[in-house]
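Going by Swiss-Prot, these are the annotated features:
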| type | residues | note |
| --- | --- | --- |
| CARBOHYD | Asn166 | N-linked glycosylation site |
| TOPO_DOM | 1-6 | topological domain 'Extracellular' |
| TOPO_DOM | 28-61 | topological domain 'Cytoplasmic' |
| TOPO_DOM | 83-92 | topological domain 'Extracellular' |
| TOPO_DOM | 114-132 | topological domain 'Cytoplasmic' |
| TOPO_DOM | 154-185 | topological domain 'Extracellular' |
| TOPO_DOM | 207-229 | topological domain 'Cytoplasmic' |
| TOPO_DOM | 251-264 | topological domain 'Extracellular' |
| TOPO_DOM | 286-312 | topological domain 'Cytoplasmic' |
| TRANSMEM | 7-27 | transmembrane segment |
| TRANSMEM | 62-82 | transmembrane segment |
| TRANSMEM | 93-113 | transmembrane segment |
| TRANSMEM | 133-153 | transmembrane segment |
| TRANSMEM | 186-206 | transmembrane segment |
| TRANSMEM | 230-250 | transmembrane segment |
| TRANSMEM | 265-285 | transmembrane segment |
Amino acid sequence: MVLTIRAILWVTLITIISLEFIIGILGNVFIALVNIIDWVKRGKISAVDKTYMALAISRTAFLLSLITGFLVSLLDPALLGMRTMVRLLTISWMVTNHFSVWFATCLSIFYFLKIANFSNSIFLVLKWEAKKVVSVTLVVSVIILIMNIIVINKFTDRLQVNTLQNCSTSNTLKDYGLFLFISTGFTLTPFAVSLTMFLLLIFSLWRHLKNMCHSATGSRDVSTVAHIKGLQTVVTFLLLYTAFVMSLLSESLNINIQHTNLLSHFLRSIGVAFPTGHSCVLILGNSKLRQASLSVILWLRYKYKHIENWGP
């Protein structure tokens, strides 16, 4: 009976993870295609749309790297003992995750600089040079990426030494847990940046509402609505990102447990929810993407009815 319940839970988690992968890939490919088509039609593209497109592409690559690692661990776990395979999987995961997180952070910076209202001269300069601010942010992220790659190389070398010396599986898993813990540490930097943008947006909204109370203006003006929409997008990103970081930390702390157990699959399902859920939020929160998604849904409904009419 216990075995049956365990099997049902295992299949349920695998199904959830599979659906998350499918929805995540379709959602991010959709975001990228909409922006590419719009770019081709107009002959130009805004910096924000470029960030959306880059984020969607990096998220798609990240999900594909997760699928690859998941299939390798499921179908042939022995490959994880090979230095080349470990290096390939870890670096591909780390690079795609790095850019997907940093591009999302750049979106938070764009929202903050576009929506927030401060009279500070430094803020006004940053607001005017928003593109340069994002460019500098990406350059800094590349420096952090290089540092992360150095750590990854040391990790794979150590793992190879353990394999050659026939070290126990627990030692290998401890090294992998250390890798996850360190990688999580590197992802905390963009999280701190996004959290700062969120807090500054709240402060900007509070000041704006305070000024409106003094001037006896209505509470739902354009600036207030923009603040609220920006906060909704950023806070959703932070919540999903927090769940993602916690899943990585939990997996690194529970790494001595067999990696195919229910807890591991549950943590992976939480991790995959980050790139999947955030892409859905971006589609719903962006007017162009939302309109394009409605057009696709209407087209699919029309095709479905057309097929039904031709049926027997």
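Backbone N, Cα and C define each Cβ position, glycine as well.
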Closest-packing stretch to the transmembrane segment (7-27), where packing means Cβ pairs under 8 Å, from 62-82, 133-153, 230-250, 265-285: 265-285
Proximity verdict for the transmembrane segment (186-206) and the transmembrane segment (93-113), three or more C-beta pairs under 8 Å: yes
Beyond the flanks of the transmembrane segment (265-285) by 6 or more, those residues with Cβ under 8 Å of it: 10, 13-14, 16-17, 20-21, 23-24, 27-28, 30-31, 52, 55-56, 59, 62-63, 66, 70, 100, 104, 229, 232-233, 236-237, 240-241, 243-244, 246-248, 250-251, 254, 293
Local confidence of the topological domain 'Cytoplasmic' (28-61) - pLDDT mean: 93
